[in-house]
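Here's the structure we're looking at; comments come further down.
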Amino acid sequence: MPKLYEGHLIGQGLRFGIVIGRFNEFITNKLLSGALDALNRHGVADQDIEVAWVPGAFEIPMVARKMASAMKYDAVICLGAVIRGATPHFDYVAGEVAKGVARIGLESGVPTIFGVITADSIEQAIERAGAKAGNKGWDAAVTAIEMANLMKILK
């Protein structure tokens, strides 16, 4: 039988950094609420959570890299909302943010979680921020807890 590794969902004693984009704040506030609720319900103390607001999604990777390189967080959670408009701006921003967040996790070894909603409409973003389709902030926080614990096991 192979040896299996899996991160558990107990957040007590873990530290988290959250980077959140202010653009589309009516959506990102809901993501932050979901993430904080998930962290607290899984045993993470408020004093073990630090939140950094950035102007928009494009700035998330820069601050996430700073947090990951500080090596004081067990995981960094990236939250934002990019909503498609009439120009190709959406494609550039969404793609670069996703690549940046992934690169930071790979280079730093600190789980860096992509909790950025990419939506075709405001309605779709609202659904993913706590209405019909769950809350992607909550999902990102639970993923961060699991990955932080898995990385501790694999050290």
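Using the three backbone atoms N, Cα and C, a Cβ is placed for every residue, glycine included.
Going by Swiss-Prot, these are the annotated features:
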- PHE23, ALA57, PHE58, GLU59, ALA81, VAL82, ILE83, PHE114: 5-amino-6-(D-ribitylamino)uracil binding site (BINDING)
- ALA86, THR87, ARG128: (2S)-2-hydroxy-3-oxobutyl phosphate binding site (BINDING)
- HIS89: active site, proton donor (ACT_SITE)
Problem - Greatest C-beta neighbour count within 10 angstroms, which of the recorded positions HIS89, ARG128 - result: ARG128
Exercise for the section: Rounded to the nearest Å, what's the C-alpha distance separating GLU59 (5-amino-6-(D-ribitylamino)uracil binding site) and HIS89 (active site, proton donor)? Just drop the number here, would you? Expected result: 15
Handout entry: Shortest C-alpha distance to ARG128 ((2S)-2-hydroxy-3-oxobutyl phosphate binding site) - which of the recorded positions PHE58, ALA81, VAL82, HIS89
Key = ALA81
Handout entry: Residues PHE23, ALA57, PHE58, GLU59, ALA81, VAL82, ILE83, PHE114 [recorded 5-amino-6-(D-ribitylamino)uracil binders]: greatest CA to CA distance in Å
Key = 16
Practice task
Only counting partners 6 or more residues apart, tell me which same-chain residues put their Cβ under 8 Å from the Cβ of PHE23 (5-amino-6-(D-ribitylamino)uracil binding site).
Solution key: PRO55, GLY56, ALA57, GLY80, ALA81
